[in-house]
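To keep things clear, I will list the structure first and then write my remarks on it.
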Amino acid sequence: MIDQKVIVALDYDNQADALAFVDRIDPASCRLKVGKEMFTLFGPDFVRELHKRGFSVFLDLKFHDIPNTCSKAVRAAAELGVWMVNVHASGGERMMTASREILEPYGKDRPLLIGVTVLTSMEQSDLAGIGLDVAPQEQVIRLATLTKNSGLDGVVCSAQESSLLKNELGKEFKLVTPGIRPAGSEQGDQRRIMTPVDAIQAGSDYLVIGRPITQAADPASVLKSINDSLASM
């Protein structure tokens, strides 16, 4: 099976609307991301509905807690059968290691475990506001290195950091990049953005794209256009 690069961010507050959108696209063309709002509103059964339709799911809940609590949440995600789950790297090495170790019994069926470095909406002034006197890129490198040393599969990072992280941490370390906007799209609330082709060329492995697809008149066509552009690289 082709390793789909595009992860469509489902940001709906109505389950019927979300499923109506999902039914317009092909599981062979993308994966789906379910975040905090949808999971809180609709719960695990919504993820199961997506699985029934043949989609792989990135459960984007950014767990951040004491090691025992965080690892049990990660295990619950594995039991749900998701393809990818994430934790905040700022939770530290013990938390991330516990989360990785609890997945070992699942073998090849375990989800990818990804660390969250610096949220793409954050600028240097935001980091200063929480007591971190560092540039976003410096903090990303620090947390990504900690994530790799903890044995996780990769990190969420902006496309601007992808090239640097690939060079620093190796080709096998997966980079999941939000803030992706096909050419001509509005910037939205992501501060550090890039086009799909640019992001893959920079070293990103998976691209999270939301409104440019979910709000398109013909989302299947937009997906095809993006995938075609990536295939022609």
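Using the three backbone atoms N, Cα and C, a Cβ is placed for every residue, glycine included.
Feature annotations, reproduced from Swiss-Prot:
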ACT_SITE  LYS62  active site, proton donor
BINDING   ASP11, LYS33, 60-69, THR120, ARG181, GLN190, 210-211  substrate binding site
Ranked by how many other Cβ atoms lie within 10 Å of their Cβ, the recorded positions LYS62, HIS64, THR120 are led by THR120
DSSP, reduced to three states, assigns THR120 (substrate binding site) to coil
Three-class DSSP assignment, LEU61 (substrate binding site), comes back as strand
In the three-state DSSP scheme, GLY210 (substrate binding site) belongs to coil
When the binding-site residues ASP11, LEU61, PRO67, GLY210 are compared by other Cβ atoms within 10 Å, fewest goes to ASP11
